[in-house]
């Protein structure tokens, strides 16, 4: 369902009174710590268990360098974005959507539709990925209890989809705040469990042999490196910062920076520990989900099963929160058209369309997850075509266009350099990740019972 491009009034606050997407889904009632919960859920998810897999395409040195560089760049990028949003709000143009902010600052209706396309790719890609990984978590638990049981991966995906349909009826982004606080705690919980499991596996007598060598061919090594960069970009990205900032009660000045600081404190604790411990144990044999490396198909588990089981449960629970966060932009677009702001949030007029449209969206994502099970590759493609433009390029451009720093200033050239470098990385990453997607497509059939690495 397409959204309308911005009009010439640059979205004054009065228009939000007639905008159901703004009044309902993106209602502004939150505090800075609520934004921190939303940001942490959007960024710190089970995708961090893919970091050892990304490291196998980069090696120790380049892997740690890229992880650190992208952390610095994304924090800087999100900081600039929050400043642009605050500037617009102080100028009487409070923006609650990324697409409207981009169209206002850049003065292009085409930019409005570009951002809608990219956000849709991100939202759908992450929604598909979370349902797929949640289904895989259920499959892992089921296989440990009944190794030769009859249930297939797509059946677990169907179970997850049913739960997501129920949770999708939470009406507003702000209503997710308590769920997202639990999500933050769960991310810390399973990171501690996985790191402990990796240390146990690496120091045991049955520790797997370690090989940190990269691809022997230079071309294959380059493709693997850019694919890994795309994965890391996807893990750091969120692409919905304006929508998260929209949930803050105005004025939002200074609140988002506090939320970002909370989020990046959690990032520091989780990203490095998961990446380093997982790659240290498994090297270039790291699976796209490190839990599967710890639970090999052949032989015993490499860590206590209760630790891994609890970790899988924590991951599964958090995936529901992540799926809800990344669905909010899609719901906002749908309800801007389908809901009537003059009637109550839970009125029959608004409740029935919300139930139908959100159910259709979740069922579509669940169907795609069951049909195309390659989680690691989905991450890479979404990172290249979605997160890199929205999180590494547009914020710098918006800041330069809004504040117009002198062309001789350090800020201007830092922003331009980041845009140029990550434009190149995005193009190469898109090519590399789509190439790997095509290669992996030959390894499975539709509705396969295995997630392809």
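Easy rule for this one: first residue shown is 1, then count along the chain.
Placement of Cβ uses the backbone N, Cα and C atoms for every residue, glycine included.
What TrEMBL says about this one:
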- 29-436: domain 'Amino acid transporter transmembrane' (DOMAIN)
- 58-80: transmembrane segment (TRANSMEM)
- 151-170: transmembrane segment (TRANSMEM)
- 182-202: transmembrane segment (TRANSMEM)
- 222-241: transmembrane segment (TRANSMEM)
- 262-282: transmembrane segment (TRANSMEM)
- 302-326: transmembrane segment (TRANSMEM)
- 355-375: transmembrane segment (TRANSMEM)
- 381-400: transmembrane segment (TRANSMEM)
- 412-434: transmembrane segment (TRANSMEM)
(message) Cβ under 8 Å, sequence separation of at least 6 from the ends of the transmembrane segment (262-282): give me the contacting residues as numbers and ranges.
(response) 33, 36, 39-40, 43-44, 48-49, 51-52, 54-56, 60, 63-64, 67, 71, 75, 184, 187-188, 191, 194-195, 198-199, 201-202, 207-208, 210, 212, 235-236, 290, 293, 302
(message) Do any residues, 6 or more residues outside the transmembrane segment (412-434), come within under 8 Å Cβ-to-Cβ of it, and if so which ones?
(response) 73, 76-77, 80, 222-224, 226-227, 229-230, 233, 377, 380-381, 383-385, 388-389, 392-393, 396-397, 399-400, 405-406
(message) Let me spell it out: take the transmembrane segment (222-241), skip the flanking residues so only those 6+ beyond its ends count, and list any with a Cβ under 8 Å from a Cβ in it.
(response) 39, 42-43, 47-48, 50-51, 53-58, 62-63, 66-67, 70-71, 74, 78, 81-82, 98, 118-119, 122, 214-215, 256, 267, 271, 325-326, 328-329, 376, 379-384, 386-388, 390-392, 425-426, 428-433, 435-436
(message) Which sequence-distant residues neighbour the transmembrane segment (58-80)? Criterion: at least 6 residues beyond either end, Cβ under 8 Å.
(response) 51, 212, 214, 224-225, 228-229, 232-233, 236-237, 241, 256-257, 260, 264, 267-268, 271-272, 275-276, 279, 391-392, 395-396, 398-399, 415, 418, 422
(message) Let me spell it out: take the transmembrane segment (381-400), skip the flanking residues so only those 6+ beyond its ends count, and list any with a Cβ under 8 Å from a Cβ in it.
(response) 73-74, 77-78, 80-81, 83-84, 98, 101-102, 105-106, 115, 118-119, 121-122, 125-126, 129, 230-239, 412, 415-416, 418-419, 422-423, 425-426, 429-430, 432-434, 437
